[in-house]
Amino acid sequence: MSVKTIENNHLYWDGCDTVALAQKYGTPLYVLSENAILQRTQELHRDFLAKYDNVRVAFASKAFNTVAMCQLIAREGLSLDVVSGGELYTAMKAGFPGEHIEFNGNNKSQAELEMAVAYGVGRIIVDGLTEVERLAEICRRLQKTAKILFRITPEITVDTHDFISTGQKDSKFGIPLNPEILFPQIEAAIALPEIEFYGLHFHIGSQLSDNSTHLAAAKVALSLVNEIKERYDFTIKELNYGGGFGVEYVEGDVRQPYGYFLEPLMALTEAYCGEHGLLRPNIVIEPGRSLVAEAGISLHTIGEIKTLPGLRTYAAIDGGMTDNIRPGLYQADYTGLVANKAAAKRTESVTISGKACESTDILMKDLPVPPLSAGDIFVTFTTGAYGYSMASNYNKLPIPAVVLVKDGQDQLIVARQSYEQMIQNERFLEEWR
Ligand SMILES: Cc1ncc(COP(=O)(O)O)c(C=O)c1O
């Protein structure tokens, strides 16, 4: 069921009038539908968690990491993936249980690893050649142990933008498959008493709508499980198949149901383990975008409208690349509409530009819209993932507020950043103090 409805020419999101939300909280504003998130978590429960034994879902919180979101994920019975001390700190403040947190990241600092070990994070996904040794030293000092997986680079090229492709051979992510690099890491992990070597992890890329590359990567991981068994008589307990499941940004994008990826992945895993006499490892996935992207919209107010005769009309919004960097960063496509003219005929065509001082700050080109005027509320769809979490203060624009809506009720989960907060860490020149 869609959370998007139109009443009295206004766009409603999960029962809330978006024009009223813009008036109440100001713009730019992120609006997140709780029901839309729950539709996805329920699908995961039905088609994965309840269907197979020993499986887990860890929400990749980089997509949208706030205290309230961590609490929602805990309430819905999922684990949480974090990639930095900041994301971990947010989870800790939310009271997220340490044993259900997984810590990824290709260059974890000493302080971050210490924080994770001290908090008792459930899995550390090792993605650096010095990490196991550093982790073991921290564990000895803190008298703890750490459960680890190695993120491998499965050498799979995926069908997505190069900038969100991560599993190819030439990648900054993962431990290379080269046996001279990989196996010494595995031997160290098996030998170190402070390290509980649990398994292998891959994440091949993002915004994928074809399951063949996940399957190809899983075959690489499974053959390593077998090789590790044969070489070391060591049983891998867990495989993490990452995230990357695509969503619908614009017409033509395909959002596959989770089962489209997970059913064949589970069948492949069970068949491979059966054939090779292996215990089927726990299977973990790490969806980020697919849980929150479509639940979120952004609201902006239209300001200047400029028509260049014979060329195009620009309509400028009161945000842009600072609250949605993806179009500027890798030409990501979005669509939108005018919230206060939601049912009106779209007789004109405009290019939606942001207010940042960069020519690349263009959100949508040649979008059909009704006749526009300053003060209209513009909605961008599918901004729930990698919008707020990638927001910046470029041009000293404050980070927008985030409102969670459900069944016509709204609650503020992130307050708008103030000018004062933006400069709170800045210091006067000595002669001015
Ligand atoms: C290790 C890891 N896991 C999971 C994800 C989530 O990917 P997505 O948001 O495409 O599901 C990412 C995204 O960058 C990642 O790097």
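Numbers run from 1 along the shown chain.
Every residue gets a Cβ built from N, Cα and C, even glycine.
C357 (active site, proton donor) falls within neither a helix nor a strand when secondary structure is assigned with DSSP, and so counts as coil. Residues or ranges marked as active site, proton donor by TrEMBL: C357.
If you take the C-beta of P287 (pyridoxal 5'-phosphate binding site) and look for same-chain residues 6 or more apart in sequence within under 8 angstroms, you find L44, V57, F59, A60, G243, G244, F245, Y258. The pyridoxal 5'-phosphate binding site annotation in TrEMBL covers G244, E286, P287, G288, R289, Y386.
Look at Y386 (pyridoxal 5'-phosphate binding site): DSSP puts it in coil. Feature annotation from TrEMBL assigns substrate binding site to R289, R326, Y330, E358, Y386.
The domain 'Orn/DAP/Arg decarboxylase 2 N-terminal' annotation in TrEMBL covers 42-293. Mean predicted confidence for the domain 'Orn/DAP/Arg decarboxylase 2 N-terminal' (42-293): the pLDDT average there is 96.
The feature N6-(pyridoxal phosphate)lysine is assigned by TrEMBL to K62. DSSP assigns K62 (N6-(pyridoxal phosphate)lysine) to a helical segment in the three-state reduction. Within 10 Å of the C-beta of K62 (N6-(pyridoxal phosphate)lysine) we count 21 further C-beta atoms, all protein chains included.
Within 8 Å of the centroid defined by the CB atoms of G244, E286, P287, G288, R289, Y386, the record's pyridoxal 5'-phosphate site, lie the Cβ atoms of A60, K62, A63, S206, G243, F245, S290, L291, A385, excluding the listed residues themselves. Burial estimate for the binding-site residues (E286, E358): highest at E286, by number of other CB atoms within 10 Å. Separating the Cα atoms of R289 (pyridoxal 5'-phosphate binding site) and R326 (substrate binding site) is a whole-number distance of 13 Å. Those residues noted as binding substrate (R289, R326, Y330, E358, Y386) have their most widely separated CA atoms at a distance of 26 Å.
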